[in-house]
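This report concerns only the one structure given below.
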């Protein structure tokens, strides 16, 4: 069968740096090819070349699509050829309806008069293809992330797509939403539509792919049939070494109780009769890693937001730090009590995107660098920034580079560096490795182990059960705002955690 896509000897440079170095790949119609590699490996750059974001002339090499040389000057030209890309950050206009988004820039009509009836029927057909049952007039802002993802795919299908590029499509989706998306991709494959799938979730890569292509440091390491590769094989090719144990677990001493929470309740910020956290009580000891598991909406994030003083609604309950009653209504109060937090949404709550990497790291500890007359000690601040970047292995060309320009993994490590400058006794990590590559995950896991060896208590929330089980000494399981189980992590399985989350009993301990 002739190839639908051939990329031959593609090289893309930024100055003297080769982001993509002589990469070639092929893809047949109806195939799914997964691209794997650490952040900064060149995956996204290669796809931007393919999709016309980097126009012909800005790179070396040749692209052949459907038997013809592709010389796209912009993304519109590649879309006209049948190539579409869906980014992790969705490109929908939230204030507009599903229908308006689907036809944005390609509206149907004559003489300046829109044919809304025809567009409505077409929109319904495209939504049916992705098995999404919503009214086309529904504002996108009223849809969940999984539904928005399907609208993006329907929008691509409306443009007669033949090759769909999906960049981290499930990073913010629940397990059920992910399952729906993977089913849609299988259906597209059965209809002859090819897909290039980029993801750090190797279980998904294995499940959905026909072939897996690994890129490292801008170079093509290898492409193999997915059926011949294990997750360990993929990891070894991605990082250039074998990770003997993804979740390194160093021996550490668990000490006395440092945190106790009693009868914590939190109400929905808008629908104030709804409890998001319902009578939650638990404790945490020095040097302990406490995992909190549960489905999305179970109350995990709301619980730790209360502990850090950032929950947006009304809440009540008793919090004790080292046996003393604590008042926490602001994050400043929490930090003074020795609590630091890496938030769930790093781009929204964890960084100031336009500020430099260094300025973000020291932002919460500026008092430590302030001398006489409230003047900032620049030399002292810069020294601490250099130490923090080295300790957390943050990869950046300059501490003054805007943090938004770093990869997700390096942004997360910079946020951790900011937290550690506070010398916390309790560190809360909400989805600490979401959307980051396997190498950066491993470094964060090692850091967590180092911190608990120093006696710091750590709370980890993750939607990835293997991560919770791989890191935690003890696991709290939450469901509908309540703690359903408090489990010692000894031979604990994913099945047992999910059973605890869904059972009818109010509380289980082990």
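One-based numbering along the chain as shown.
Glycine is no exception: its Cβ is also placed from the backbone N, Cα and C atoms.
Keep in mind the model is a prediction, meaning the values are calculated, not measured.
Sequence annotations record features per position, and here Swiss-Prot assigns ATP binding site to 37, 38, 39, 40, 41, 42, 43, 44. Reduced to three states, the DSSP call for residue 40 (ATP binding site) is coil. Annotation for residue 40 (ATP binding site): same-chain Cβ neighbours under 8 Å, separated by at least 6 residues, are 395, 407.
Per-residue confidence over the domain 'ABC transporter 1' (5-242) averages out at a pLDDT of 88. Annotation comment: Swiss-Prot describes 5-242 as domain 'ABC transporter 1'.
Positions annotated as domain 'ABC transporter 2' by Swiss-Prot: 259-505.
Other C-beta atoms found within 10 angstroms of the C-beta of residue 44 (ATP binding site) number 23, with every protein chain shown included. For residue 41 (ATP binding site), the same-chain residues that are 6 or more apart in sequence and have a Cβ closer than 8 Å to its Cβ are 215, 216, 217, 218, 238, 437. The Cβ of residue 42 (ATP binding site) has 12, 19, 20, 21, 23, 215, 217, 218, 219 as same-chain neighbours under 8 Å, each 6 or more residues away in sequence.
Proximity of residue 43 (ATP binding site) to non-local residues of its own chain (separation of 6 or more, Cβ distance below 8 Å) is seen for 35, 36, 37, 198, 215, given in sequence order.
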